[in-house]
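Quick look at what Swiss-Prot annotates:
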- 1-22: signal peptide (SIGNAL)
- 24-73: domain 'UPAR/Ly6' (DOMAIN)
- Cys25-Cys50: disulfide bond (DISULFID)
- Cys28-Cys37: disulfide bond (DISULFID)
- Cys43-Cys73: disulfide bond (DISULFID)
- Cys77-Cys93: disulfide bond (DISULFID)
- Cys94-Cys99: disulfide bond (DISULFID)
Amino acid sequence: MTLRWAMWLLLLAAWSMGYGEAFRCYTCEQPTAINSCKNIAQCKMEDTACKTVLETVEAAFPFNHSPMVTRSCSSSCLATDPDGIGVAHPVFCCFRDLCNSGFPGFVAGL
C-alpha cells in the first residue's frame, strides 16, 4: 500500500468518526428539589457545560425541605462567586458527563 492510500484511509477514518460525542447533563426546567432533579439529557454539540442554578433555599427553622434547583446543558455557563454575598440565584458550572448531580456546599439529608 502506498503512502498516498494510507493517508486517504486515515483521512476517511477520521472523517467518519465525527467531531466527538456530546456529553450528558441532569436537567429540570422548572425549580425542582435538588434530590429529585434526575432527568438525563444528551447535550447538543455546541454545549460546553452542565449548569445548576440554586433557585430557592429554605430560610426558616427547621430547614427540613430540600433546596430547589434548575439544571440544564449550557453553551455559555458563567458561574457565580461561591463566596459572593447577596447572590440571589447562585450558578454552578461543570464540564464532565453527568457532573451536575449535586450543588457545592449542600449536603443531602441534613
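Placement of Cβ uses the backbone N, Cα and C atoms for every residue, glycine included.
Keep in mind that this is a model prediction, so the values were computed, not measured.
Of the recorded residues, Cys43 (disulfide bond) and Cys99 (disulfide bond) place their C-alpha atoms 13 Å from one another. When the disulfide-bonded residues Cys25, Cys28, Cys50, Cys73 are ranked by how far their Cα is from the Cα of Cys93 (disulfide bond), Cys50 comes first. Here the disulfide-bonded residues are Cys28, Cys50, Cys73, Cys77, and the one ringed by the most other CB atoms within 10 angstroms is Cys50. Of all the disulfide-bonded residues given, namely Cys28, Cys37, Cys77, those whose Cα is no farther than the 10 Å limit from the Cα of Cys94 (disulfide bond) are Cys77. Here the C-alpha separation of Cys50 (disulfide bond) and Cys73 (disulfide bond) works out to 5 Å. Of the recorded residues, Cys37 (disulfide bond) and Cys25 (disulfide bond) place their C-alpha atoms 11 Å from one another. Mean pLDDT across the domain 'UPAR/Ly6' (24-73) comes to 87 in this model. If you check the disulfide-bonded residues Cys73, Cys77, Cys99 against Cys25 (disulfide bond), the ones with a Cα inside 10 Å of its Cα are Cys73, Cys99. Counting other C-beta atoms within 10 Å of each candidate's C-beta, the disulfide-bonded residues Cys37, Cys93, Cys94, Cys99 are led by Cys37. Cys99 (disulfide bond) and Cys77 (disulfide bond) are 14 Å apart (CA-CA, integer value).
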